[in-house]
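Q: Quick one: the structure is below, questions incoming.
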């Protein structure tokens, strides 16, 4: 692969790269598992990294699971991991509202039960989870009942997203003091067999267009997700590695935050995608070119075992 920045990680270079970092951030789906199937060798890689003194974290844009749910899944698959190692957008949204926005009030939540749980865990009340069916006629919709304590609209993945939820979000956001926060802008969720379903980004874009507002997003590639980890564990960005399967989220997060980046080819992005970005000459696309790539993170095993 004739790409100046993106190097095929193999042989002695693996150990050299690992010696240059103290902390490793892993995306989950497409990197350490695919759906409910663990990627061969992934638990050994994570467990040996920890055994060798590296800090390991799991950073995911998925907002449908709590930290505990992720920790339980990791344990079930053989990973040595705790809740404290997991940073999902449900948790990071709660942290953003609590620590950065210092929200004084409730949230209108277009999202999941997991997001509700993470918000409530830090003392933020919410309304909105579950279906919101159409009632009345069009002239009634601008006057839907609103909770006067709501001071922010938060948008994550919501299988119950509807016209009435979109309308209710708009009515809250007509107040310029009401915050608009999104978990991430991923437009498609890739599934096995090359299939996909609409992602959170589609829902968030609908709310942004209706409200004529732009959301503050907390997930990858926004630097807030890394900041969330770094502030709690005192990370040095120059000695961190971001491992992911998507150029536009994982690798771009690493570039945005000054981390070393490693693309694994077990998920979404391909070598051809990297080459297209490299050849474009566009600064925004060049930021999505990783420092290194591997076929699978299992290729790190020999360097960790030796």
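Glycine is treated like the rest: Cβ placed from N, Cα and C.
According to TrEMBL:
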BINDING   27, 29, 245  Mg(2+) binding site
ACT_SITE  27  active site, proton donor
ACT_SITE  29  active site, proton donor
BINDING   220  substrate binding site
Q: Cα-Cα, whole number of Å: residue 245 (Mg(2+) binding site) versus residue 220 (substrate binding site)?
A: 12
Q: Other than 27, 29, 245 themselves, what residues in this chain have Cβ atoms within 8 Å of the centroid of the Mg(2+) site's Cβ atoms?
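A: Output for this site, in sequence order: 28, 30, 31, 32, 60, 244, 246, 250, 264, 267, 268.
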Q: Tell me the Cβ contacts of residue 220 (substrate binding site) under 8 Å, same chain only and six or more apart in sequence, or just say none.
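A: For residue 220 (substrate binding site), the qualifying residues are 27, 59, 61, 184, 244, 249, 250, 252, 253.
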Q: Under 8 Å Cβ to Cβ from residue 29 (Mg(2+) binding site), same chain, six or more residues apart: give me those in sequence order, or none if nothing qualifies.
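A: For residue 29 (Mg(2+) binding site), the qualifying residues are 35, 60, 62, 245, 267.
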